[in-house]
């Protein structure tokens, strides 16, 4: 009898537990769904004036993903078109090569612009109190903002390597027509894997190695840019402090001199940050001049401008965009033999270890400077796909190597088996299919990382800044 009386209770407990399990599973699935599938369409808010820069940054992040896929499969991609015999693929030609040429220079210039815009406005308004708070907060938060997501982005693949969560790469013959970029080897125990991972973190916090850009991670080789970002940010903030009380024209002149100084001394990364600040102030001056000339309506409200702000001739700016893109097509190797770029090799400073770095920096400035005066180009980069890429760009940059090791490298031998690789068409088709699937997985991983790691870390950074600030 007692058993019969307890049965309904046990059944109820079991049903309740099962319901909770299903709810947890549903919550987990919802949490990892891409944004496009999980959120209801939101009302569109007016875009910020500089929203197009987010789109440009997002496209640049996608370019880095494609570059890191291409390098292992097309070793000639870093060489100039017809620079040496046999390197004559159409994908090596100027402009076309931009499809896979990742440009960290764009990240650096936009970072300099974005980090400077509010600071320069306070300088121009002589708001010294808010200016001090602005710079203090930016300096304090910058390290947390860069390094918390970066460290987690290396911990995840370390964990996956340790527990064998990356699929093995099948090998159907002795030689595969590509090579892979491997992560750190799997250690016998998780504790040892974790300890060796801990030892890879301190170099990421050393931003003072000016000789090379080798402070990366064996779990994410693209993280060499993180200490560079931190170093250049601190130099930029120091420059803002020093020039904060200068007149606008004086600040622009000194800023321009510093920009050229850093560029001439092979400090192309610092040049881009400082040039970003220069472009930001010029943009603010143009905006203020435009607003001052806006007519008033009968109600006293300001009318929207019927003409763009004062910029150089539009066709001149379009020519600047084309010139910037051409310069950004400069290859990393064989530039001196390329009929299209040989002249740039003779014009570059002789002290540069990598001539392409110099021209990439110059081309980036010309491109972005020209785009600031072309509303039609700006509107193109405010399309939803580009703004989405801009939103996940940092996470995409940090995590895409996980997708390469998890999907691209394991799946390629199977695609070779199905489609072949003995002819250029077969090889290209196999890579295109594997690359497309990898990019889609990269978007998914970056989307989840952005919502569950990057955004919370940004909120934590603001919280700790508030808690540590004197009231």
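Using N, Cα and C of the backbone, Cβ positions are placed for all residues, glycine too.
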If you look at how TrEMBL annotates this chain, which of 356-374, 451-469 comes out as transmembrane segment?
356-374
Examine the ranges 95-115, 116-136 and name the one recorded by TrEMBL as transmembrane segment.
95-115
Which stretch does TrEMBL mark as transmembrane segment, out of 40-57, 58-75?
58-75
Which bits of the chain, at least 6 residues beyond where the transmembrane segment (219-241) starts or stops, bring a Cβ under 8 A of a Cβ in it?
64, 68, 104, 107-108, 111-112, 115-116, 119-120, 123, 135, 138-139, 142-143, 146-147, 150, 153-154, 157-158, 161, 181, 183-184, 197, 200, 203-209, 213, 255, 258, 269-270, 272-274, 277, 397-398, 400-401
Have the transmembrane segment (315-336) and the transmembrane segment (146-166) got at least three CB pairs under 8 Å, pairs 6 or more apart in sequence?
no
The transmembrane segment (58-75) touching the transmembrane segment (146-166) per 3+ Cβ pairs under 8 Å rule:
no
In terms of Cβ proximity under 8 Å, which residues at least six beyond the ends of the transmembrane segment (58-75) contact it?
89, 91, 98-104, 106-107, 177-181, 222, 381, 386-394, 396-397, 400-401, 404, 408, 427, 431, 435, 438-439, 442
